[in-house]
Amino acid sequence: MPSYRIGRTDMERGSVSADSWENVFADKTIRNAFIRKVYGIVAFMLMITFLVIAAMRGIDSINDFVRSNNGRFLSIACMIGFLVLEIILVCCKSVRRSVPYNFILLFLMNLCLSISIGFVCVFYRLDSILIAAGITFVITLLVSIFSSFTSFDFTKLIWIMFMILIAFTLASIAMFFIRNRIAEMIYCTIGVIIFVIYLAIDTQLIVGGRSIELSEEEYILGAIKIYTDIIEIFIYLLHLIQR
């Protein structure tokens, strides 16, 4: 079964025969189980991230290590590890569908990114982190609800947003050489907007019933998409409201 497929919007609009309704209901049951599985995995991943950040900020010995030169090397290693594991899981269908190896790699990817985020959060005030987390939660909830029930098909924007993301990634290189607070705020605001739209797209890919949807076997891919969208929104918000 392919990772992506054409959505079954015609069935949901009622353009199916009476003999097909049993299959439609069966499909919806499978889809609902898929949605629960994806968001259950995402909730677990976010919990791991929260615990890692709390440990890195709250335990003095870990906090001191994070601020040392060795801590910086670990941060770089974790980011590289995250990118490698994400590429493996996203690009290798056979790997992400092989239980339990897919869950093991997903956990390691989750841990690497959580440690990397923890390194960032150590250098921010607690109130800034809590505000960014709270706003991220509200945005995630509202976008998830809206994109699940709206008639607008965000999945049609996939390729447009992909090109925008490439341009944004290239622009991020220039930001390394720009030390202007206003430019940084504009950059981070655009980042939040981009990943809010991606969250809407990925939510509809998981919920289904649009032009494109994820296969029910792609719960790992679905979880990676939603989790990374949420993390990106949080990071850009944190930079925006830094104190």
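Placement of Cβ uses the backbone N, Cα and C atoms for every residue, glycine included.
TrEMBL lists 38-59 (among others) with the feature transmembrane segment.
Taken from TrEMBL, the feature transmembrane segment applies to 71-91 (among others).
Per TrEMBL, transmembrane segment is recorded for 103-125 (among others). Same-chain residues lying 6 or more positions outside the transmembrane segment (103-125) and placing a CB less than 8 Å from one of its CB atoms are 41, 45, 48-49, 51-53, 55-57, 63, 66-67, 71-72, 74-75, 78-79, 81-82, 85-86, 88-89, 95-96, 220, 223-224, 227-228, 231, 234-235, 238, 242-243.
Long-range contacts of the transmembrane segment (131-150) within its own chain (CB-CB distance under 8 A, at least 6 residues past either end) are made by residues 196, 199-201, 203-204, 207, 230, 233-234, 237-238, 240-241. The transmembrane segment feature in TrEMBL is assigned to 131-150 (among others).
As annotated by TrEMBL, transmembrane segment applies to 157-178 (among others).
The transmembrane segment annotation in TrEMBL covers 184-207 (among others).
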For the transmembrane segment (38-59), give me same-chain residues lying six or more residues beyond its boundaries with a C-beta closer than 8 angstroms to one of its C-beta atoms, as numbers and ranges.
66, 106-107, 110-111, 113-115, 117-119, 121-122, 126, 129, 206, 219-220, 222-223, 226-227, 230-231
